[in-house]
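Colleague: Below you'll find the structure I mean.
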Amino acid sequence: MQEKIIILDFGSQTTQLIGRRVRELDTYCEIVPYNKFPKEDPTIKGVILSGSPFSVYDKDAFKVDLSEIRGKYPILGICYGAQFMAYTNNGKVEPAGTREYGRAHLTSFCKDNVLFKGVRENTQVWMSHGDTITAIPDNFKKIASTDKVDIAAYQVEGEKVWGVQFHPEVFHSEDGTQILRNFVVDVCGCKQDWSPASFIESTVAELKAQLGDDKVVLGLSGGVDSSVAAVLLNRAIGKNLTCIFVDHGMLRKNEFKNVMNDYECLGLNVIGVDASEKFFAELAGVTEPERKRKIIGKGFIDVFDVEAHKIKDVKWLAQGTIYPDCIESLSITGTVIKSHHNVGGLPEKMHLKLCEPLRLLFKDEVRRVGRELGMPEHLITRHPFPGPGLAVRILGDITREKVRILQDADDIYIQGLRDWGLYDQVWQAGVILLPVQSVGVMGDERTYERAVALRAVTSTDAMTADWAHLPYEFLGKISNDIINKVKGVNRVTYDISSKPPATIEWE
């Protein structure tokens, strides 16, 4: 059985980042609500307590009885997790004079403590807290300080229990990964045997046992998640998998043909459906973004349902749901707050059982599995693309002419990113067709044509994103190419908004 680290989530914005850092150590972990610790699980090797937006003094602060965990498993408390353990053992936690947020340095630490093995002197750590541990119980030992925080880390004497006031999971903590490695590998004894190859081997075996000779249908989007799910299922059940790829008319230029060719080269049984007439008719005159999304979502369900019913004896619906979707579908108390299904409503409407072979993976792990499966790199590294496609990059109503303009402009931009070696440096990129026209001059004639905005962002998880600082020379060439080659466009702008406050997509 796969050994694991359990991360108890107290509501921190960086809880998923803890999970990703542990997985990067080739160690399997699971994130569970703070009050849902899985008892009697022999595969658990250690426990990490996350941070929290609460103070330990808040009436609604998340609290849990750790008596059944402490002494049985090694524990690492991060920020609120460290404060909570100190506070519940008669230590003192007090509001800081000012909230400490940002870089700090460990001015002193116990070099002989296993948690700090290999950590450099004066190493930078990331702080984000309003409360500070000001006193610890007699059996707690201070093991690190910063210039502003006296008790930056502690260990319970004689126990494998640590607390750190800083966030080792955050990129800005320079030796954060080393600290987590020390806990996960040296303290908990994890074997670091979680790999794409081991995941594929175990998942294929599980899928064969789960699905048997049943038939499965899967909706493909052209994105990495559904594509990797399809290849994995194909390895497990072969001809019993049927994939459906619906073209709603708002894909990127030549995308339907190119993606279908990719899928056929991968040996997948794929049904391609051109439903563009239906979608354009239903979207005619619609300008409100959310209504556009709902029309496309419902239309996809209708088309998919019709095609799936043409396949006899289908028992399962497969989806490319990944681990962050599953985590986000639960509130901190474990109650459902939104469906994580990639295609909302399909399982209920079609009365099919649900199969989600990637539900344990983060996005970067999905790509690693795709490479292990031998999938082409251009498919694995594709940027995220919204389900409604270019419909949410056309501000205002949707027409075939607007889609044509946007497809041509987007094709020039994306190909340019590839040609300049910039594509893999950005998280997501695309062109937005603006609902305005501007005056221009071409030759000796005055023009009054459309404006487009280029968008490119850098990110690690899409929760936050910064605008990509692309070279001016590149932007100038792309602007010139679009204006000269795309009929109907005479102005190109570049969006330099970050998330937050803006979102990655405009609609």
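Backbone N, Cα and C atoms are what each Cβ position is placed from, and that goes for glycine too.
Pulled the feature table from Swiss-Prot, pasting it below:
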type	residues	note
DOMAIN	4-193	domain 'Glutamine amidotransferase type-1'
ACT_SITE	CYS79	active site, nucleophile
ACT_SITE	HIS167	active site
ACT_SITE	GLU169	active site
DOMAIN	194-382	domain 'GMPS ATP-PPase'
BINDING	SER221, GLY222, GLY223, VAL224, ASP225, SER226, SER227	ATP binding site
Colleague: Using the centroid of the Cβ atoms of SER221, GLY222, GLY223, VAL224, ASP225, SER226, SER227 as reference, list every other same-chain residue with Cβ within 8 Å of it (recorded ATP site), in sequence order.
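Modeller: Close Cβ neighbours, site residues excluded: LEU220, VAL228, ALA229, GLY320, ARG382.
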Colleague: Do me a favour and check the Cα-Cα span between GLU169 (active site) and SER221 (ATP binding site); whole Å is fine.
Modeller: 32
Colleague: Based on Cα distances to HIS167 (active site), point out the closest of the binding-site residues SER221, GLY222, GLY223, ASP225, SER227.
Modeller: ASP225
Colleague: The domain 'Glutamine amidotransferase type-1' (4-193): mean pLDDT?
Modeller: 92
Colleague: At a 10 Å cut-off from the C-beta of HIS167 (active site), count the other C-beta atoms across all protein chains.
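Modeller: Neighbour count, Cβ to Cβ under the 10 Å cut-off: 23.
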Colleague: What kind of secondary structure is GLY223 (ATP binding site) part of, going by DSSP in three states?
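Modeller: The residue in question, GLY223 (ATP binding site), is coil (DSSP, three-state).
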Colleague: Across all protein chains in the structure, which of the recorded positions GLU169, ASP225 has the highest Cβ count within 10 Å?
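Modeller: Compared across GLU169, ASP225, the most Cβ atoms within 10 Å surround GLU169.
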Colleague: Taking only the Cα atoms, work out how far SER227 (ATP binding site) lies from CYS79 (active site, nucleophile), in Å, as a whole number.
Modeller: 38
Colleague: Can you tell which of SER221, SER226, SER227 has the most other C-beta atoms within 10 Å, given these are the binding-site residues?
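Modeller: Within the set of binding-site residues, the most crowded position is SER227.
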Colleague: How many Å separate the Cα atoms of GLY222 (ATP binding site) and CYS79 (active site, nucleophile)?
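Modeller: Per the Cα atoms, GLY222 (ATP binding site) and CYS79 (active site, nucleophile) stand 40 Å apart.
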Colleague: I want to check the contact list for VAL224 (ATP binding site): same chain, sequence separation of six or more, C-beta distance under 8 angstroms. What comes out?
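Modeller: Listed in sequence order, they are LYS363, VAL366, ARG367, GLY370, LEU379, ILE380, THR381, ARG382.
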Colleague: Could you round the CA separation between GLY223 (ATP binding site) and CYS79 (active site, nucleophile) to a whole angstrom and send it over?
Modeller: 36
